[in-house]
Amino acid sequence: MSVDANKVKFFFGKNCTGESFEYNKGETVRFNNGDKWNDKFMSCLVGSNVRCNIWEHNEIDTPTPGKFQELAQGSTNNDLTSINGLSKFQVLPGAFQWAVDVKIVNKVNSTAGSYEMTITPYQVDKVACKDGDDFVQLPIPKLTPPDSEIVSHLTVRQTHTPYDYVVNGSVYFKYSPTTGQVTVIKKDETFPKNMTVTQDDNTSFIFNLNSEK
């Protein structure tokens, strides 16, 4: 039994048996109540170049978060039932510990693809997405201490002439290694005044562009 170095293979049965499904590095997958695969994965193989974070729930749990687990690179996980039903997971590059999932929503006009948002965490490669795109995964390395805030440069640029930047600021993210929850921190002096942020689940954030100024 094996899996590609850059993938995770989940199984319906314990001990890596039964029907299986593979997911690639950079994917964040969440199942909702009633979905075919919600709470169905019972074991998995993690490729040698990736790690995998798994959650019992995919929502922001209040007041008590569901169960959470970090699965190591190259690991064989024969019994995932301790998670009480897997509803969400992230397949991360092996050198990273956690990730934020981000998207931009255009509230300025009705034309999809009008703006491109770029987020660049400190000493980490940037990710970019356009309004109308789905969430993109932004992996973060292990910090010291692990629940430190990480500052990220945030820009939004028009994708049409004159290609002006309409946002230039920063946002902070903070991770809980106990629950796997990510929180966003907006500092008044640096967070763009023409944007708001909505948390969509335990790692996912929607950045709303409300105006160009």
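Cβ atoms are placed via backbone N, Cα and C, with glycine included.
Residues or ranges marked as repeat '1' in Swiss-Prot: 1-48. As annotated by Swiss-Prot, region '4 X approximate tandem repeats' applies to 1-194. If you look up Swiss-Prot, you'll see 49-97 marked as repeat '2'. According to Swiss-Prot, the feature repeat '3' maps to 98-146. Taken from Swiss-Prot, the feature repeat '4' covers 147-194.
The repeat '2' (49-97) scores a mean pLDDT of 90 in the predicted structure.
When DSSP labels each residue, the repeat '1' (1-48) comes out as 3 helix, 22 strand, 23 coil, counted as helix, strand and coil in that order. When the repeat '3' (98-146) is classified with DSSP, helix, strand and coil residues number 0 helix, 26 strand, 23 coil.
In the repeat '4' (147-194), helix, strand and coil residues by DSSP number 0 helix, 25 strand, 23 coil.
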